[in-house]
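Database features, via Swiss-Prot:
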type     : residues : note
REGION   : 1-25     : region 'Disordered'
COMPBIAS : 9-18     : compositional bias 'Polar residues'
TRANSMEM : 52-72    : transmembrane segment
TRANSMEM : 81-101   : transmembrane segment
MOTIF    : 103-107  : motif 'Histidine box-1'
MOTIF    : 139-143  : motif 'Histidine box-2'
TRANSMEM : 177-197  : transmembrane segment
TRANSMEM : 223-243  : transmembrane segment
TRANSMEM : 247-267  : transmembrane segment
MOTIF    : 313-317  : motif 'Histidine box-3'
Amino acid sequence: MGAGGCISVSETKPNQKNSLERAPYDKPPFTISDLKKAIPPHLFKRSLIRSLSYVASDLTVAFLLYHATTYFHHLPQPFTALAWLAYWVAQGCVLTGVWVIGHECGHHGLSEYRGVDDTVGYILHSSLLVPYFSWKYSHRRHHSNTGSLDRDEVFVPKPRSKISWYSKYFNNPVGRIGVLFITLTLGWPLYLTFNVSGRPYDRFACHYSPNSPIYNNRERFQIYLSDIGIVITSLVLLRAAMVKGLVWLICVYGVPLMITNGFLVLVTYLQHTHPSLPHYDNSEWEWLKGALVTVDRDFGVLNTVFHHATDGHIVHHLFPTIPHYNAMEATKAVKPLMGEYYQYDATPFYVAMWREAKECLFVDRDEGEKGGVFWYKNKM
């Protein structure tokens, strides 16, 4: 039985429990209904005006950052290069916030009007080359099966028996750097296109294919709509490249998008990968236990930029329609009831990224155990 980590390891005090201690895996003494009752009812309310104000704010900042690039050529070197570097990082972070709001639309968390949510989400995600409905449906299955080794959709850890023979050659600092680089730069498009790191299917799975086994017959038409959104955005980008040049497009749009993709992969990875978290096979998995297989993280000022997708993720898994601007208050409301089932780690995200890449290579039962509870391990 582990404790909810209230602080990072480096900040642990004698009277507080270590965030690397294992989370509890027994059936929680509370129900989802108990948790819902602990949250003030007004926090479930979704205001269209307030939600759109965040959309407008993010898009305004993104435009101002873009507008600033039109003055970079007036700067002497090396300040031009530094200005572009600052732009890439800042714009990548802002667009991650835009991506998060699009994700919230997919959960019907923007407003009380599902059609409005899907329209806004479709526009925002398509502009970032994300197939909106395609990912919405696969992500919904992730929420329905979190923590399940058999049915979860993404970042499903492999049991020891299924790790590749060559994995041991990457279990070193150089190998980890290579794996992290590929994961952060190519992980998102590889997942969408080839289902890399996703749940295994009996045939080819792809977010762009209406015939993918990820989707049922009722969903296939909207996969076509998602693809149309990607095609329209691609044509706009092609036209921009023809008018402004390919280098301009890469600098203004391509590099920030890569940073956005890297952040969304990193955030998702750290939300569900932690030495303290269990995973379950079918004999042990229950929805509430699985929903608790996640950890809130501290990304510093980026918590706000990313609309609390980082430090409000547990309550998001429990109640995904709660709007992001109420997530922290809702988290505060459920923490006393959750007790040690609430997992939080304030380790800086770049430190946690390296630690998890080193410690969380596969999952296995504890020695001598035969149950359905699996823990992260790294000894091959």
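Sequential numbering from 1, following the chain as shown.
Positions of Cβ are set from backbone N, Cα and C atoms, glycine also.
Nonlocal intrachain contacts for the motif 'Histidine box-2' (139-143), taken as residues 6+ away from its ends with a CB within less than 8 angstroms of a stretch CB, comprise 103, 106, 151-154, 214, 291, 317, 320. Counting only same-chain residues 6+ beyond the ends of the motif 'Histidine box-1' (103-107), those with a CB under 8 A from a CB of the stretch are 51, 117-118, 120-122, 124-125, 132, 135-136, 139-140, 307, 309, 320-321, 323-324. Sequence-remote contacts of a segment are chain residues at least 6 beyond its ends whose Cβ falls under 8 Å from one of its Cβ atoms, and for the transmembrane segment (177-197) they are 130-131, 134-135, 154-156, 170, 204-208, 214, 258, 261-262, 264-266, 269, 353-354, 357.
With a cut-off of 8 Å between Cβ atoms, the residues of this chain six or more beyond the transmembrane segment (52-72) that come close are 80, 83-84, 87, 90-91, 94-95, 97-98, 101, 110, 120, 124, 251-252, 307, 324-325. Residues in the motif 'Histidine box-1' (103-107) partition by DSSP class (helix H, G, I; strand E, B; coil) as 4 helix, 0 strand, 1 coil.
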